[in-house]
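Engineer: Not my notes, these are from TrEMBL:
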- 41-180: domain 'Lactate/malate dehydrogenase N-terminal' (DOMAIN)
- 47, 48, 49, 50, 51, 52, 72, 133, 156, 157, 158: NAD(+) binding site (BINDING)
- 183-348: domain 'Lactate/malate dehydrogenase C-terminal' (DOMAIN)
- 213: active site, proton acceptor (ACT_SITE)
């Protein structure tokens, strides 16, 4: 029996199929309405691995798009993932799902999310891995820009800060329309740890991790608050153990939490899926929410004006992409660590020759 995802593929003509069930209703001018006039929203996810599918599934269940396009290099897996989601149609918002190995399926996207990336080979250096991912982005990003010249690019592939810079260079898009997922998830992990300790909801903890999404990320302890109250001073007054060493230990715990998940289940997926869907909602619904995401950080906190480096800073997101970047008040030590993080990223980008 022929395998198919629709009755059309089984040979049934879909034209006018609904006419046997519904009597047409004319508008005031006597014409039969053919389609809704609302502009539909399309999101494309490039890379149908664990992360890409967690993102697609979360976007689908949160009803954030009218159409989701999936792209992957493995046709059988790609079709299987699409069918698996399509078969849940009776339980989900009405969303059109399409998939193809050809990136042309993303045409007309409002938002293109890139999760595709090469996996590290045992013994391979980070630089070699980075260069292989740049080669992959050379195939993906210009094609995305061609098919969806007005889209916003949201980069999730790691190393996300450097690859967001690469996507910016290869796409030719203005800087406000190229965003990296950055430390949005790191900040959620930070908030979770503090919320567990303080016995409050993580949504009521205001705390940011900034800089690189990686080993040199910076925990901004000076601005951590709950209900408008500074947290660090209270913790240090009530717990003598909250010294600099302890604070660094908490930062390391945040950085290493992804590695722990990977060591236990082999990959991360759900948290990054929710994190990216959170960004998608802020962008497509023009919510103007503040997220720590990877943006062009030139000139912020002493980062040199001639250093085109992407790293995470709190940014206001909306339908136009990055609408503004917060110029946070940092302690001198926090600013020093941020500049060090920027220096690390800058040195790596210079090796790419873009």
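Cβ coordinates come from backbone N, Cα and C, glycine included.
Curation does not apply to TrEMBL; its annotations are automatic.
Quick one: how deep are these features, and who are their neighbours?
Structural biologist: The Cβ of residue 49 (NAD(+) binding site) has 17 neighbouring Cβ atoms from other residues within 10 Å, across all protein chains displayed.
The average pLDDT computed for the domain 'Lactate/malate dehydrogenase C-terminal' (183-348) is 89.
The local packing around residue 213 (active site, proton acceptor), expressed as other Cβ atoms within 10 Å of its Cβ over all shown chains, amounts to 30.
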Engineer: What same-chain residues, at least 6 away in sequence, bring their CB to under 8 Å of the CB of residue 158 (NAD(+) binding site)?
Structural biologist: 117, 213
Engineer: How far apart, in Å, are the two Cα atoms that lie farthest from each other among 47, 48, 49, 50, 51, 52, 72, 133, 156, 157, 158, the residues recorded as binding NAD(+)?
Structural biologist: 18
